[in-house]
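Straight from Swiss-Prot, the features:
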{"type": "BINDING", "residues": "286, 289, 306, 309", "note": "Zn(2+) 1 binding site"}
{"type": "BINDING", "residues": "301, 303, 320, 323", "note": "Zn(2+) 2 binding site"}
{"type": "TOPO_DOM", "residues": "1-24", "note": "topological domain 'Peroxisomal matrix'"}
{"type": "TOPO_DOM", "residues": "78-105", "note": "topological domain 'Peroxisomal matrix'"}
{"type": "TOPO_DOM", "residues": "139-145", "note": "topological domain 'Cytoplasmic'"}
{"type": "TOPO_DOM", "residues": "167-202", "note": "topological domain 'Peroxisomal matrix'"}
{"type": "TOPO_DOM", "residues": "223-337", "note": "topological domain 'Cytoplasmic'"}
{"type": "TRANSMEM", "residues": "25-54", "note": "transmembrane segment"}
{"type": "TRANSMEM", "residues": "56-77", "note": "transmembrane segment"}
{"type": "TRANSMEM", "residues": "106-138", "note": "transmembrane segment"}
{"type": "TRANSMEM", "residues": "146-166", "note": "transmembrane segment"}
{"type": "TRANSMEM", "residues": "203-222", "note": "transmembrane segment"}
{"type": "ZN_FING", "residues": "286-327", "note": "zinc finger"}
């Protein structure tokens, strides 16, 4: 009886020591690229469906939201159901906890499926809203804090990607936060293990290159920040003394006044045939919103669209919607009589 218990304990110890190997960086990137390809097809289908149900204007107004919705659907029907995405099946990967001792829990995978596409979107929206409020209220301190937070996020992302190239553990920050790590769902043969080890070494070379790039990028920022912090009090006291003398005088000369509000602007709508009569009837509709142009604007290639339609389009994709020629928002010209 004692011998049987001893054998059972030894068997359990061996079973607990049996772990699937962690996935390497090239395999994780390969799975991610495959998922991006599938998500791109899904985004295209969702966009076409919204065109049929709503309109082209709706699709042009919410391209980012439609993309997020398609990615959320993809993750909910795969990861959210504790299954695997097509990219993970393609490379034969699955999620485990941070140490690789057990599979990731269902609740964690559901929360991750929501957080992965939605968190970056809401963070970006919040940052843009803060910056917009700062410009309207002219609060310099809050603007500097927002700029600092953006720089801090960029620094964290750079460090995160550098660690990934060296260790190959977490490809996204969301997975690092949730502690969801990839493992192969099969035992690697000797040849496959050697092949993947060679691929990991090549990614480490990229890690060293990225590390050198980040050092050159962030070293001047770090030194200037430390210098400002060391001499900040003295400079602040001097600036307060000097600015208190001529603050009112400078504000009177440097402030910009008389900027009209949006409601005070004169808009041109081509539904009125007296507006820009040289434009023929067949060319007076915007192909983006399928309505008569409002404030007709010209891209560098010469094609005409509504100001708001073309500006929204170029912010997402800097190109002409018709001929795909390069078009930056600052290159758009508004037509006037």
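Yeah, the Cβs are placed from backbone N, Cα and C, and that goes for glycine too.
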Exercise for the section: Would you list the other residues of this chain near Zn(2+) 1 - those whose C-beta lies within 8 angstroms of the C-beta centroid of 286, 289, 306, 309 - in sequence order? Expected result: 57, 60, 287, 288, 290, 291, 293, 294, 305, 308, 310
Handout entry: Contact set, same chain, for the transmembrane segment (203-222): CB under 8 Å, 6 or more residues outside the stretch
Key = 24-26, 151, 155, 158-159, 161-162, 164-166, 168
Handout entry: For the topological domain 'Peroxisomal matrix' (167-202), distant same-chain residues with Cβ under 8 A (at least six beyond the ends)
Key = 19-29, 31-32, 88, 92-98, 100, 104, 108-109, 111-112, 115-116, 119, 156-157, 160
Exercise for the section: Could you tally the C-beta atoms, other than its own, that fall within 10 angstroms of the C-beta of residue 309 (Zn(2+) 1 binding site)? Expected result: 23
Problem - Mean predicted confidence [pLDDT] for the zinc finger (286-327) - result: 86
Practice task
Go through the chain and flag residues at least 6 beyond the ends of the zinc finger (286-327) whose CB is under 8 A from any CB in it; none is fine as an answer.
Solution key: 55-57, 60-61, 63-64, 267-271, 276, 279, 333-335
Practice task
Using a Cβ cut-off of under 8 Å, list the residues of the same chain at least 6 residues beyond the transmembrane segment (106-138) that approach it.
Solution key: 64, 68, 71-72, 75-76, 79-80, 82, 95, 146, 149-150, 153, 172, 174-175, 178, 180
Problem - Cβ atoms near residue 301 (Zn(2+) 2 binding site) (within 10 Å, other residues, all chains) - result: 14
Practice task
Give the sequence-ordered list of residues that share a chain with residue 289 (Zn(2+) 1 binding site), lie 6 or more positions from it, and have CB atoms under 8 Å from its CB.
Solution key: 55, 56, 57, 60, 306, 309
Problem - Among 301, 303, 323, which are recorded as binding-site residues, the nearest neighbour of residue 286 (Zn(2+) 1 binding site) by Cα - result: 303
Fill in the blank from the handout: The DSSP breakdown of the zinc finger (286-327) into helix, strand and coil residues is 10 helix, 10 strand, 22 coil
Handout entry: Non-site residues, in chain order, whose CB comes within 8 A of the mean position of the CB atoms of 301, 303, 320, 323 at Zn(2+) 2
Key = 299, 300, 302, 321, 322, 324, 325, 327
Completion exercise
Long-range Cβ list for residue 303 (Zn(2+) 2 binding site), cut-off under 8 Å, min separation 6+ in sequence, same chain only, gives 320, 321, 322, 323
Completion exercise
Here the 10 Å Cβ neighbour count for residue 320 (Zn(2+) 2 binding site) comes out at 19
Completion exercise
Per the Cβ filter (under 8 Å) with a sequence gap of at least 6 from its ends, the topological domain 'Peroxisomal matrix' (78-105) is approached by 19-20, 22-23, 27-28, 30-36, 38, 112-113, 178-186
